[in-house]
Structures are given as structure tokens and as C-alpha cells.
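Presented below is the structure to which this report refers.
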Amino acid sequence: MKIIGIESSCDETGVAVYDTALSGFAALRAHSVYSQVALHAEYGGVVPELASRDHVRKLLPLLRQTLAEAKLSVEELDGVAYTAGPGLVGALLVGAGVARALAWALEVPAIGVHHMEGHLLSPLLEDDPPEVPFVALLVSGGHTQLVAVDAIGDYRLLGETLDDAAGEAFDKVAKLMGLPYPGGPQLAALAEQGIPGRFCFTRPMVDRPGLDFSFSGLKTQVLLAWRNSDQSDAIRVDVARGFEDAVVDTLAIKCERALDTVACQTLVVAGGVGANKCLRARLQAMCRQRGGRACFPRPALCTDNGAMIAFAGALRLQAGQQSDIAVRVTPRWDMAALPPLVSRSCRR
């Protein structure tokens, strides 16, 4: 099956073609992403109405571009996958509307994909994918979750943030230190120049049982340290380093605790913060020390993209699942409510 995937949940327009007849990363025939960062920069954050309108402008040209790169005509497609949630309702409706219209015109099945399932499955696009069961850390601007993956499509939430997501904390700390939008990646780049230990911030919630996270208190602690400093460039890089180390340590401690909880040695990390170099190195070292394995998508597939939607959609379409003809999106959507790809009774 040749499946086209459409991602439009927030401020990236993504389109990709996945071919189930091929294996490994070669199965991704083409993928294109258009980022709206420049559009939203002057507002310091994503403006939902502007995001929706820009998806309208960019989606059809991106579809044509991606099909051309895949050397396919639209008539050769066997199915359509699209992000149905969670996300911004207007942005989701743009992608869902185009996807449903395309599927109807081609008389092929369509499937609405959970955005975070797309992220979770993105490391499986690589040539040496992880095998289930595994623990997944989903870490982005909107989510920080630990999920036990007993089988593809069978997910148990182990823990999540009680307030700010890790990526959101990165962006907010960057903003309070005067870095331009989007600040998270710039903060991480500054942290590489900082001196470890110059600023030592709390590792939140690691001193209590459980697998939940909280980053709002850490954000406030960094704010106070910054305000009480001379706010020089030298201090900025050291504060950035201290903050990043605190977040990375917290995520690593909770990931190891999650692996122990489910007696598993494979960790999958996905989402925008999964591209962070310090986090990757720390989690890889932790898993190696345990005799396990940490798996990541390549950095280009950590941010929102159509490839993960095409892949996740292909798995569900191959399992015989499809969405009805109505254009429906789910801005808030619990991943544990997704139907399994294989009956749970068949796996016992």
C-alpha cells in the first residue's frame, strides 16, 4: 500500500508517502515539512487562526511537491492518513478536510491518526527499529509522558506532566532570558557553552515515588536566579546549562524508574525535545549501563511531520481499520483509548 500522510496539528504542515511494500527507512518514499516559525515569531508563540490559514495556503502545494518527489501520481495512492488530534482544532480541520476529500475522490480508505501515536511510532521507521514491548518517553512542547507499549496500538500511561511540558518549559525559560521565538532550541545551543554546576537547580519530583513530572517550579527557580544575576552573556549560558541539566536529569531518572517498573530494557524517545543532544547522550548512556537500548528517530523526524502520520496510518489501514466519511477531529484525545491493532485476547 502507498499511503499519503498529512500533519497539520499545530504550526507545521507535513506531507509524506509511505510504501508498505518496502522496508526500513527506504519505505518513506518522500516527505516534506513547511514550518510556520517565521509567521508566528513576531507574536512570540503560535496564533491558532494564523496557523489554520497558513495550512490552507501551503497544504495543496506541499501535496503536489511530495508526490512529485515520490515519483507517484495521485491515482497510485492506496490510502490517506491524517492527524485527527490532539492539536489546534482549526489546524486539524484543515488537514482532515483535505484528507477526507482526497480519499473520497480516489475511492480509497482514510484513517485519522493520533498525533502522539505518530511520534511514538516514528523510531520504527528506522532501519533497525525497536521491538515491543518497550517504554516510550514522549517529550515535546505540549506533552511529557511515559507510556508502556505492550504491543503496537496497546498503550498504558505510566506518568505525565502535572503542569508544563518539558518543551514548553524550555521555550518559557528561553523567553524570560530574552531569547527570540522559538527559544527552546536556542536555549539548548547556549547550554552547550555553559559551565556544569555553576547553577544547580532542583530535579523536580525525583525524591518521591511515581512517574509524573512537574516543571513549573523549576521554571520559577530559574526565573529568580536570572533576575538576581547581572544577566550577562556569561551568566545566560550558565543558567541555560543548569536548567537543561535539571530537565535532562529529571527525565533520565524517571525513564530508568519506568523501565524498572515494567521490567523492560528498551526505551523509545520521541517528540521535539527528543532531538536535544544532551538528552540523547544521557539516555543512551543510562540504557547502555543497564544492558538495554535507547531508540530515537532521526532529528528531522523529532518535530511534527507527515512521515510519522503516514507510517502510523499505514499500520492501522493494513489492520483493516479506517475512519468513517465524516470530517471529525479530536483536539483532546487520550491515546489509551485507541483501538489495538491486534485483539488483546489473541496475545494472551
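Start at 1 and count along the chain as shown; that gives each residue its number.
Note that Cβ sites are derived from N, Cα and C of the backbone, with glycine treated the same way.
Because the structure is a prediction, the values reported are computed rather than measured.
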According to Swiss-Prot, which candidate in D127, D154, D171 joins L138, V139, S140, G141, G142, G184, N276 at the substrate site:
D171
Which residue of D260, D304, D324 does Swiss-Prot report at the same Fe cation site as H115, H119?
D304
L138 (substrate binding site) and D304 (Fe cation binding site), distance between Cα atoms, whole Å:
12
Compute the C-alpha separation of G141 (substrate binding site) from H115 (Fe cation binding site), stating it in Å without decimals.
13
Could you list the residues of the same chain, at least six apart in sequence, whose Cβ is under 8 A from the Cβ of N276 (substrate binding site)?
A188, E244, V248
Measuring Cα to Cα across L138, V139, S140, G141, G142, D171, G184, N276, which the record gives as the substrate binders, how far apart are the two most distant ones in Å?
17
